[in-house]
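Here's what TrEMBL has on this protein:
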type	residues	note
DOMAIN	421-547	domain 'GGDEF'
SIGNAL	1-26	signal peptide
TRANSMEM	170-192	transmembrane segment
TRANSMEM	199-219	transmembrane segment
TRANSMEM	231-251	transmembrane segment
TRANSMEM	263-281	transmembrane segment
TRANSMEM	287-308	transmembrane segment
TRANSMEM	315-334	transmembrane segment
Amino acid sequence: MDKHPGYLFRLLLAFVLLQFSVGAWAAQVLDNSYILKAEPQQLAPTSFEGVPAWIRAQQETSLSLSGGSYWMVNPLRVASREQSWVIDVRNSIIESIDLLLLGQDGSMQQAHSGYDADYQYLFDYGRRFTIKPGIDYWLVVKVESRYYSSAPEIRLAPEREHRLSADRHATAVVLCLGGLIFIACYNLFIFFTTRDKAFFWYGLYVLAYFCGWALTFHLPVHLFQFRQLELHHLFFISLPILNILFYNNFLQLSLYSPKLWRLSRILLWACVLALPTSIWLLSYTAIIASVLIMLWIGLAIVCGNVCLMKGFSPARYFIMAFSCLLLPAIIILPGNMGITPDFFEYAELATLLGGTADALLLSLALASKLKLLSEERQEYIRKLGIAWERARSDSLTGLANRLAYDESLADTCLSSGIPKPGYMLVLLDIEGLKRVNDTLGHGEGDRLLLAVAEELKSWSVAKLKPFRIGGDDFALLLPEAEAQQLQNLLPRLEQRIASEGFAELCVNHGSATSTDKEKIQDWVRAADKDLYQCKSLRRRELHARQLAAAEGLPR
């Protein structure tokens, strides 16, 4: 099981690294933008020559992540002979993007893009433009959104290269999202078969992660034209909630560290209270989500380390999983809060990759837990089997005891409780054992019992089951067809007792077959009655010998 997720992770990593390399080679980031606040009803410049004056008439500002309308103005000139180019604004969800390209040759090209517009390429806002080599241009971009998850960037790439990059980027995204939905469904299926709540909460956690990133990459828009910006961070804020419930069950946190479980519950309720902000405080929900996710990742790693140090070995995969989230989180989340600039391109895809690796490693953690539980269950079953056998055997003689005797009798019955025909029950009584214990001691009595048990075990009668059912009482259960062979062996038992130095002792026996018996009690009663008759006969014979000896008569 460990091999398959590792292979999938390596395949995923190869796709994403390939996509990164293509994107870095093909795209040029236009980072010398003039950023101006866009006022309501403000018009864009209409000519190349009018752009500098239009810029000077406004005051430069910085883009606020809490949303708003902004102009991003860039001078542009290409030296390549390529004339078909793509201008893409990325690094954030943007509801509306208006692109205006004014050329020194008097050309004017316009395009509309953004979350609310149709798409020319999968998972980006790119639009095609014709840019002639050696001509100066002004690129005027108006962005408008209720929030920005990070500072938008303008990228310029030849159309052919952008299409290749977009396709590989989309492949990596679809691979990650497909892996997430598979992991979610697989673990929910395991929950329905095992009823282990850790699998339930983990399945919901991965499902929420899938939904959040599917919305981020506009998958519902591409497939169903479904647009609902308020739902995007609802799923991301729910991640700590579902994951805390998961790792409490998985790590047994309330048992290993009640203090950390209390801190986790505080964070869980903070996230629950923050859920409505994705609707009512949409402009600030990205910042709120970033803060909560950073706290959650840090707390989860602490919890994993504490449980690992206390001996819970599957926690090592848990720590590795959150380490995969920690690195992109440290790099990306401060940028989402406006603290630092973005350090590399495709930050969203890098975070998705980290989350998918996290999901794979948490699956390994659950698999490790299953293996651990399976080993513990097998050990428990082994010990239970040993205890069960000990409970069904006599500690002195090693023969089956009264419990096993009762079970064996029950096994010979039909479902109606009537004994099956064809069985014989033989009851044995070692008469005189109490006298041996009283005169010679219990050690000698035990030696006698061991000799009897050894003799019974040595009899090669098919399907014979010997039992010790009392102090000096034994029972034999066997097929009725073997009755004659048993009758031939019974004298050997008295011979063995005599050879051990107890010639004055005798063995009484009574037998009954299960044929025509209505109940087990009737069968046992019949064997017991036969045993009593045997005892009476032996006692009469003994009494007659004693009388003859007293009168001096020859026997």
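Cβ coordinates come from backbone N, Cα and C, glycine included.
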> the transmembrane segment (199-219): which same-chain residues, six or more beyond its ends, come within Cβ distance under 8 Å?
Replying inline: 93, 115, 119, 123, 173, 176-177, 180-181, 183-188, 190-191, 228, 231-233, 235-236, 238-239, 242-243, 245-246, 249-250, 348, 352, 355, 359, 362, 366
> Under DSSP, the domain 'GGDEF' (421-547) has how many residues in helix, strand and coil?
Replying inline: 73 helix, 28 strand, 26 coil
> Taking 3+ C-beta pairs under 8 angstroms (sequence gap of 6 or more) as contact, is the transmembrane segment (231-251) in contact with the transmembrane segment (170-192)?
Replying inline: no
